[in-house]
Ligand SMILES: Nc1ncnc2c1ncn2[C@@H]1O[C@H](COP(=O)(O)OP(=O)(O)O)[C@@H](O)[C@H]1O
Ligand SMILES: [Mg+2]
């Protein structure tokens, strides 16, 4: 009953606090939308200049979506790259190919280099094949009689199949499940933590503790009260991500919501817990770089398996590691509940530990 | 008369600082008991201990023959804190209703008690206003209303009349006396001497110790003077 009184009060306060509501409900959508545009925007066609390159290679390059500008001869490749805003320059000298890359952005430069190498390899394979058939033809002319029909040599083609995602999957598709969970985590943490902190600094927590309310009733009241808003937030964020931004969702939407609700529970209990160790809202903010930001690094954006051993140990102490795992499993890989139950249980474990610690921590203010 | 509050050998220290030093005090049922002393003397600390919000470092407190702290006891104590602790983003009525439901009052009873308490402190017309738009005096009055909400047997009021204009102060005292006639026990702290005269019994606190206690008349007689203010100066001076 007292728990419900608290839930009701928290809801009244929250509904009146338009800024907090907007922060919780709208801010994650804005950030997701922005990232969606940033990370899925069309990659620009790279532009390179060439000199003394044969037509076959140029054709091949153009086939690979590279804009090619042909120059007769050039004095200064670097100057041309910069003046004409080229991404690179290709030049044949004798039998050598010399590539100059602008490398303004290392990852696009790497991609361009790969493409050029592929094009060169394809052309030389074709040339080899042509030479071979020419050679056989000559032999046959010198020794007529038994005609050998030779198939035209062909460069190898690579067919790629994907277990997860498809050819046009972008980084955002893998990142977005993690971000959806992270935003739920972040905003729920912040709002519930600051709420209990304010309760303490304005003296109302003390006043509350002068009534027969039990410590656990306060904790559960907070969990439920802010939990309600976390549920609404989770549903809005997940639906927006899936239905509006069209983020890859192969598994079940309900599993995604279930995971996010578990994340919200962890964030709630952690926020309330840490607020006990802050004396002002600014001190609460100081927990963000320590307790919140590092979580995103271990949530699966960078492959944890590749990290140093001690980093992997840290990763496994972070709720977002399990949350990110579960979300990527469901949204991107389309796995089912049996694959995420382990992650969910660990997240619940975190929440239970934080809740118990909360009940104990409140002893600081009233020891019964 | 039964003793409602019995404080025995209570000391309290925070770290090395001794805030209360061997306090002995008994408040009889149906009394208006005044704790009087300058600011920083330990009144709030003592009062919070009676409510059960902090534990004595030494000694014990019994209220209604029950050892404090005790959650059931809190149901029977109406507490008005020295600093207003109200939810500014809620209306006066919502504040009262929230506390009423913490004391598990039924819907009907809530309505009756909210009306009664709001009327008592002259806030009925302002119940729908948000508390953040209240004046200091209005907040003080709302705090008093909150303390009365569950119709408690014991009222503990920590400087209830600070920041309240004389007219309302008068009416609050009238109500305190009326509450006394209904059998309630009232413990009130103040640093205003003229309020001390209105109490049945007094204890003078300074530096965490009780300098003197008795009825206002007894104290005046004991120190052979007419105003309590002088008693205080004398008692305090005697101690050095
Ligand atoms: N939680 C605390 N920690 C340390 N010192 C405290 C604490 N609470 C009160 N005090 C000290 O105890 C003394 C008495 O305070 P208080 O009981 O508020 O006095 P009063 O209510 O008579 O003004 C003050 O010196 C105050 O600084
Ligand atoms: Mg005080």
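Start at 1 and count along the chain as shown; that gives each residue its number.
Quick reminder: no glycine exception, Cβ is built from N, Cα and C everywhere.
Note that TrEMBL annotation is computational and uncurated.
Database features, via TrEMBL:
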- A:20-39: transmembrane segment (TRANSMEM)
- A:132-365: domain 'ABC transmembrane type-2' (DOMAIN)
- A:178-197: transmembrane segment (TRANSMEM)
- A:218-241: transmembrane segment (TRANSMEM)
- A:253-275: transmembrane segment (TRANSMEM)
- A:287-304: transmembrane segment (TRANSMEM)
- A:340-362: transmembrane segment (TRANSMEM)
Segment-segment contact (the transmembrane segment (A:253-275); the transmembrane segment (A:340-362)) at 3 or more Cβ pairs under 8 Å: yes
Contact check, the transmembrane segment (A:178-197) vs the transmembrane segment (A:287-304), 3+ Cβ pairs under 8 Å, seq sep 6+: yes
Proximity of the transmembrane segment (A:218-241) to the transmembrane segment (A:20-39), 3+ C-beta pairs under 8 angstroms: yes
